[in-house]
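**Q** I'd like to ask some things about the structure below.
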Amino acid sequence: MPLRLEASSADFAPAFAALLAGKRESAQDVNDVVSAILADVRLRGDDALIDYTARFDKMTVSAEGLRFSDDEVDTAVALIEPALRDALALAAKRITRFHERQMPTAISFTDEDGVRLGQRWTAVSAAGLYVPGGLAAYPSSVLMNALPAKVAGVERLVMVVPTPAGRINPLVLAAAKLAGVDEIYRVGGAQAVAALAYGTRTIAPVDKIVGPGNAYVAAAKRQVFGTVGIDMIAGPSEILVVADGANDPDWIALDLLSQAEHDAAAQSILITDDRAFADRVERAVTDRLRTLSRTEIASASWRDHGAIILVGDLLRDAPALVDKVAPEHLELAVADPDALAARVRHAGAIFLGRYTPEAIGDYIAGPNHVLPTSRTARFSSGLGVLDFMKRTTLVGCGAESLGAIGPSAVRLARAEGLEAHGLSVAARMNRGWE
């Protein structure tokens, strides 16, 4: 049974706070193991990758065999039925078009003192994409991570994916080819992150690493941050649905289960102002769990982390609760979703109206599905083009403009006790240190 809360009850505040404070991430401490793997790969390079691949993926491979050949990729693509290939192509097209609109513009102007000022954006040179392996790997995540990098102008995009016992979902390779991935390597885990960060004889290092992974991959990304950039440390998936009683309860039940089926640690929350509707949704979830293929996972998620919150008025009460949850996915299944969305500050992605299930955003809508979890939407955003770019500011002074602003720079340098700073300005104004 999910947690049931009523905003009007006397104990709501502490109960809601406990819901927010509930820890869903793995408590597994893997930092020492990961540190050893990173150090080993940094020291032994390809030999370490080969050893770990044999140990963890039960697969013997040579250094030359770490990289997928073009023929292997083409063979995998040929295995995919045309309708599925077309669906993947449509997703890639829509994702690309949306992210093209995220491209920033340069700034260039001359201010009132005659100083030229500006800002330009450039892409990182190389990015690495981690893809969880096996037959259950998600090609949609390949598109969502790779296409923004390509739109940004990343010159070299590298994908690493473990292949347990040599198995890989051919859709993953097809998505990589469609997205323009330049190199694909059959290596995973913390050792793959190490290879991307430090480089080996076979795998040249990258500048930024993105993509989801298990506790070992997450710990590895944390530890190599600073040597390379990373996107985020993703936690279990989550959805918050704000729905009125005019909805089909089965639709809302399926939306809640769309995240619950990801992981037993995922969280699905419903906020509604209709008690009878809440009851119908709960019954619909129970009915659907009887037939869902991933029922064991979804049932554990709904039982341990699910919640239904009853409020007096959705427009008045829901936004404050939403902002405290700061959900990864927010569905607004109400008559006027825009009015409600305008009052929400913290959410990774917002899905507007009764006909916009979160799952449409996972695959085909266009915006990225790599989103902040675990309340980090309070201060961070989903993956996008800017994650693969950096800005550089530009300053240009002539003799006259330096004369206009230089004296103040000299005074500030003197106040900070940095003599050479001030002299470097004063010398250009034919002045000494005063």
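Each residue's number is its place along the chain shown, starting with 1.
Every residue, even glycine, has its Cβ placed from backbone N, Cα and C.
Feature annotation from Swiss-Prot assigns NAD(+) binding site to Y130, Q191, N214. According to Swiss-Prot, the substrate binding site annotation covers S237, Q259, H262, H329, D362, E416, H421, on the basis of sequence analysis. Look at Swiss-Prot and you will find Q259, H262, D362, H421 tagged as Zn(2+) binding site. Swiss-Prot lists E328, H329 with the feature active site, proton acceptor, giving sequence analysis as the kind of evidence.
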**Q** Once the DSSP letters are reduced so that anything not helix or strand counts as coil, what is D362 (substrate binding site)?
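**A** In the DSSP reduction, D362 (substrate binding site) maps to helix.
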**Q** Return the single residue from the binding-site residues list (N214, S237) that has the minimum number of other CB atoms within 10 Å.
**A** N214
**Q** From the Cα of H421 (substrate binding site) across to the Cα of Y130 (NAD(+) binding site), what is the distance in angstrom?
**A** 44
**Q** Do you know which of the recorded positions E328, D362, E416 has the most other C-beta atoms within 10 angstroms of its C-beta?
**A** E328
**Q** Looking at the recorded positions listed here (Q191, N214, E328), whose Cα lies nearest to that of Q259 (substrate binding site)?
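**A** Checked the recorded positions Q191, N214, E328; minimum Cα distance to Q259 (substrate binding site) goes to E328.
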**Q** Using a 10 Å radius around its CB, how many other CB atoms surround Q259 (substrate binding site)?
**A** 29
**Q** Quiz question: given the binding-site residues H262, H329, H421, which has the greatest number of C-beta atoms lying within 10 angstroms of its own C-beta?
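**A** When each Cβ's neighbours within 10 Å are tallied, H329 leads.
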**Q** Expressed to the nearest Å, what is the distance separating H262 (substrate binding site) and Q191 (NAD(+) binding site) at their Cα atoms?
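**A** Each residue's Cα considered, H262 (substrate binding site) and Q191 (NAD(+) binding site) end up 25 Å apart.
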**Q** Please list residues from the chain of Q191 (NAD(+) binding site) whose Cβ is under 8 angstroms from its Cβ, counting only those at least six apart in sequence.
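**A** The list for Q191 (NAD(+) binding site) reads I37, D40, V41, A48, L49, Y52, T53, given in order along the sequence.
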**Q** Inside 10 Å of the Cβ of Y130 (NAD(+) binding site), count up the other Cβ atoms and send me the figure.
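**A** The answer is 27 other Cβ atoms.
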**Q** Measuring Cα to Cα, how far is E416 (substrate binding site) from E328 (active site, proton acceptor) in Å?
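**A** E328 (active site, proton acceptor) has its Cα 45 Å from the Cα of E416 (substrate binding site).
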**Q** Check the DSSP secondary structure of H421 (substrate binding site), expressed as helix, strand or coil.
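**A** Reduced to three states, the DSSP call for H421 (substrate binding site) is helix.
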**Q** Expressed to the nearest Å, what is the distance separating E328 (active site, proton acceptor) and S237 (substrate binding site) at their Cα atoms?
**A** 7
**Q** DSSP secondary structure for E328 (active site, proton acceptor), reduced to helix/strand/coil, please.
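**A** Coil, per DSSP.
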